[in-house]
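Comments concern the structure below.
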């Protein structure tokens, strides 16, 4: 199975797999059962921003999800990613719908990682920024139902021609270049990621959510991972 570390924006409470009974943000280490969660007032039809940071000195992965009205949720978890992830990874965004549905629209996405080496005193950095997504976005690997170009956005899950979200859909977008996320001789390894999103649903219960994830470089969508598995995990263990 793939090795996945993710920050989930989970719109639907699947209490049978340990979710709290409300929409939440969570940190997932190799399992959809979050290590840590925080209550999130998801605003249907409003653009929100997610900001994720990590550095190897504090060994803490943190995320803040906020809306223009100042409403925000924060979650953090202490983890040494050297012990969890391979040295080279890919970063991506994933989303799913199930019985209930929502649009999982990404309007922008940026990422920066830095690796400061002891031996050479050099800093290796990787940076990308998408302020919009074109039809033929060559530097993204699209998986499942993900498409780009509609209004300059990235649609992670299926949307009908009139803009209505579809159920039982899963899609992911990964940056094409592998990221050197850690190195044994590095003094500091750090990264931060930001994306803006729009979740819109005609249902009283939108589902299922969006995640920023880091994985082994050959990661693909596990079969049967629509709905509560967010396109990331093969099962709910």
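Placement of Cβ uses the backbone N, Cα and C atoms for every residue, glycine included.
Marked as Mn(2+) binding site by Swiss-Prot: 8, 10, 19, 24. The Cβ of residue 8 (Mn(2+) binding site) has 25, 26, 27, 28, 32, 34, 209, 210, 211, 230 as same-chain neighbours under 8 Å, each 6 or more residues away in sequence.
Here Swiss-Prot flags 10, 12, 14, 19 as Ca(2+) binding site. Spatially close to residue 12 (Ca(2+) binding site) yet at least six residues away along the chain are 19, 23, 98, 100, 205, 206, 207, 208, 209, 228, judged by Cβ distances under 8 angstroms.
DSSP assigns residue 98 (carbohydrate binding site) to coil in the three-state reduction, placing it in neither a helix nor a strand. The carbohydrate binding site feature in Swiss-Prot is assigned to 14, 98, 99, 100, 208, 228.
Local packing around the Cβ, expressed as the count of other Cβ atoms within 10 angstroms, is greatest for 208 among the binding-site residues 19, 208. Annotated Ca(2+) site 10, 12, 14, 19; additional same-chain residues within 8 Å of its Cβ mean position, judged by their own Cβ, are 11, 13, 15, 17, 23, 24, 207, 208, 209, 228. Closest to residue 99 (carbohydrate binding site) by Cα-Cα distance, out of the binding-site residues 10, 14, 24, is 14.
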